[in-house]
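Trainee: What follows is a single structure, and I will ask about it in a moment.
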Ligand code: SAH
Ligand code: F3S
C-alpha cells in the first residue's frame with residue numbers, strides 16, 4: 001500500500017551500470033519504491049525520479065557515470081522538480097566528488113541504504129536543496145523481507161550474499177559494499193519460490209564470493225541442495241565463486257544435480273604466482289590449475305570463464321606471459337579481460353605504484369583479447385554437430401523468425417522457428433548446432 005499520497009503516480013527510472021549484483025539491487029530498489037506507490041517510467045522523459053545505480057570497480061565505469069550525469073542535467077533543466085539520484089558503489093566511493101562535480105544531483109545513497117529510499121526521496125523532494133546523502137554501511141543489512149520488482153523473463157537473480165571480506169589488494173568492493181554477510185536460507189528460498197510461482201525457469205544466485213556463503217550451519221552446497229527441489233525452476237546458476245572456497249562437497253553437489261548448470265565463472269586474475277601473491281588472492285597458480293582439473297574431472301563437459309587483470313603494479317613481461325600461458329592451457333570458453341585501474345583506499349593504491357605504462361597495459365590487453373578470441377572461436381566450433389538443451393529466451397534480436405536461448409553451459413544459441421511447433425520463452429528444447437560465430441551458436445530444432 002502507498003504510504004504517502006505524495007508518491008502516488010510518481011514515476012521512477014532506474015539506470016544500471018556494472019555487475020549482475022547491481023542489476024539485482026536495481027530490482028530491489030524498484031520493489032521498495034513500488035511498495036510506496038511509485039511506478040516505473042518507460043522513458044527518462046516521463047520520469048519524476050531518475051536513479052543511476054553505479055559501479056566503482058574501475059575508473060572508467062565512474063567516468064562514464066559523470067558523463068551520463070552531465071547529459072541528464074538537461075532533463076533537470078526541463079523539469080526542475082525532477083529528482084536525480086546516484087546510488088550504489090560509486091555513491092559510496094565518491095560522494096564528495098559527485099556533489100562537487102554534479103551539484104545538481106539531489107540524492108547520493110550507498111548500497112546499504114535502499115530500505116530508506118522512499119524516506120530519502122521524500123526528503124530530496126522537500127524544501128532542502130542540499131543533496132540528501134546516506135552512505136552508511138550496515139553490516140547486518142541483507143534486505144530480508146523485501147521483494148524485488150523483476151522484469152518478466154525466463155531467469156531471475158537472487159542475492160544470497162552481500163559484501164566481501166577478501167580484500168584483494170586491487171579491489172574496491174570490500175570498501176564500497178562492506179563486510180560479507182549471508183542472506184538467511186529461508187529468505188533465499190522465499191525469493192526462489194516467488195520466482196518459480198511467477199513462471200521463471202532459471203535462478204542465478206549472486207554473491208561476490210558466492211561459494212563462501214554461510215548462514216549458521218548452512219554452507220553453499222547445503223543451500224544448493226535446498227534450492228534444487230523447488231518445482232518450476234529448471235536451471236540453477238551462481239556467480240561468482242572464489243577459487244579457494246570450493247570444497248569437494250560443493251564440486252560433488254554440482255556434479256550430482258542436472259539442474260545446477262555446467263558452467264562456472266572462476267576468476268583467476270593472473271597466471272603468475274608473484275602477481276597472485278601481490279594481489280593477495282590466497283591461491284597459487286598450481287592450486288588454481290588443480291581446482292580446474294578437479295572440477296573438470298567431476299563435470300567433464302563444464303564450461304569455464306574467468307576474469308583477468310593485466311598491468312597490475314610490477315607485472316613483468318614474464319608475469320604476463322604466464323597469464324597468457326594460463327589462458328592457453330586452461331582454454332576458457334570466454335573471459336573478461338581488464339587493464340588494472342588504481343582504486344583509492346585499496347592496499348595496492350597505498351603501497352604499490354601503478355607503474356605499468358598505459359601503452360604497455362593496452363598492448364597486453366590487446367594480445368590477451370586476441371588469444372582468447374581465438375580460443376573462444378575454437379571452443380565454439382567444437383560444439384558444432386552436437387545437440388544441446390536450450391532454455392528459450394525469446395525471439396532473436398536480428399530476426400523475428402528466429403528464437404534465441406542459452407545452453408546449460410551458458411552459450412547463446414540462435415535457431416529458426418519451426419512450422420507447426422509453438423515454442424515460447426521459458427521452454428526447454430533440443431537444438432542441433434550446425435554453425436557458429438566466436439560468440440554464438442547457430443542451429444536448428446532437433
Ligand atoms: N568477486 C567479484 C569480483 C568483482 S569485481 C566477482 O567475481 O563477482 C569483477 C572483476 O573486476 C574482478 O574479478 C577483477 O578481474 C576486476 N577488477 C576488480 N578490481 C579491479 C581493478 N582495480 N582494476 C581492474 N580490474 C579490476
Ligand atoms: Fe574484489 Fe577480491 Fe572480493 S576481487 S569482490 S575483493 S574476492
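Using N, Cα and C of the backbone, Cβ positions are placed for all residues, glycine too.
Where the annotation comes from TrEMBL, it is an automatic prediction and has not been curated.
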Trainee: In TrEMBL, the [4Fe-4S] cluster 1 site includes 55, 89. Which of 19, 164 does it also list there?
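Mentor: For the [4Fe-4S] cluster 1 site that includes 55, 89, TrEMBL also lists 19.
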Trainee: Are any of the binding-site residues 55, 89, 164, 168, 171 near ligand 2, with a Cβ under 6 Å from it, and if so which?
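Mentor: The binding-site residues passing the 6 Å Cβ test are 164, 168, 171.
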Trainee: Which site among 19, 55, 89, 164, 171 has the most other CB atoms no more than 10 Å from its CB, taking these as binding-site residues?
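Mentor: Answer by Cβ density within 10 Å: 89.
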Trainee: Report the residues of the chain - excluding 19, 55, 89 - with C-beta within 8 Å of the mean position of the site's C-beta atoms, for the recorded [4Fe-4S] cluster 1 site, in sequence order.
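Mentor: The answer, listed by sequence position, is 17, 18, 21, 22, 54, 56, 57, 61, 88, 90, 173.
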Trainee: Other residues near the [4Fe-4S] cluster 2 site, CB within 8 A of the CB centroid of 164, 168, 171?
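Mentor: Along the chain, the qualifying residues are 166, 167, 170, 172, 173, 174, 208.
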Trainee: If you run the three-state DSSP split on residue 89 ([4Fe-4S] cluster 1 binding site), which class comes out?
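Mentor: Helix, per DSSP.
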Trainee: Based on a Cβ-to-ligand 1 distance below 6 Å, what subset of the binding-site residues 55, 89, 168, 171 would you report?
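Mentor: So the answer is 171.
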Trainee: Using only C-alpha positions, which one of 164, 168, 171 is spatially nearest residue 55 ([4Fe-4S] cluster 1 binding site)? These are the binding-site residues in the record.
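Mentor: That would be 171, the closest of 164, 168, 171 to residue 55 ([4Fe-4S] cluster 1 binding site).
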